[in-house]
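J.: Pulled these from Swiss-Prot:
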| type | residues | note |
| --- | --- | --- |
| BINDING | Gly22, Pro23, Val24, Gly25, Ser26, Gly27, Lys28, Thr29 | GTP binding site |
Amino acid sequence: MSLHHIANRTKKLPPLRVGIGGPVGSGKTTLLEMLCKAMKDKYDLVAITNDIYTKEDQRLLTVSGALDAERIMGVETGGCPHTAIREDASINLEAIDRMLVEFPDADVVFIESGGDNLAATFSPELSDLTIYVIDVAAGEKIPRKGGPGITKSDLFVINKTDLAPYVGADLGVMQLDTIRMRTTAKGLKPFVMTNLKTNTGLAEVVAFIETKGMLQPA
């Protein structure tokens with residue numbers, strides 16, 4: 001927590017920072033859109049999107065009406081997307097600081113990473129909670145491949161469950177593999193299976209953020 005954040009939030013706790021990561025096409029932007037729409041009437045939200053060379057995700061969120069345009073900031077990371085959320089998160093930390101100058105009462109800052117691999121993780125300096133998203137269309141074997149995104153994220157999301165019959169994926173196998181990969185000495189780390197086209201599983205993701213992030217409505 002920086003002194004900047006404390007100085008700008010004398011009456012409230014610093015905003016909860018929620019990092020959303022996952023491979024290209026897994027549904028990160030759709031999840032962020034749905035979370036914003038589900039939570040913006042209760043909480044003061046802002047969002048940072050990461051793309052390598054464009055600000056396409058920022059545009060998509062704006063067009064969808066997820067949040068007002070001024071509450072969404074696109075960051076062009078260049079190079080490897082994981083660098084901007086892990087090894088050198090300065091570009092995102094600067095973006096957050098800029099957004100909090102404009103919206104000092106923000107309750108939640110969402111940070112969507114650029115599409116990356118299973119090894120992607122957020123720096124603790126950048127994110128308080130991490131959500132890692134994969135999609136069923138990538139194959140039922142993905143959960144058992146492991147990697148920090150699957151094993152260490154605070155919440156693991158298996159998205160696009162509706163596609164399972166079309167790609168020959170067994171959701172039961174994916175669930176069992178996920179349980180095996182996310183079981184630690186302290187117990188099972190949470191995961192959710194979602195179909196965001198029908199909002200299936202969305203309420204569980206919102207509840208996780210509210211409970212784990214100890215949010216209080218604005």
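Glycine too: its Cβ is placed from the backbone N, Cα and C atoms.
Locate each feature and note its surroundings.
T.: Sequence-distant neighbours of Gly22 (GTP binding site) (same chain, 6+ apart, CB under 8 A from its CB) are Lys28, Ser113, Gly115, Asp116, Ala120, Tyr132, Val133, Ile134, Gly149, Val157.
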J.: Other than Gly22, Pro23, Val24, Gly25, Ser26, Gly27, Lys28, Thr29 themselves, what residues in this chain have Cβ atoms within 8 Å of the centroid of the GTP site's Cβ atoms?
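T.: Leaving out the recorded residues gives Gly115, Val133, Ile134, Asp135, Asn159.
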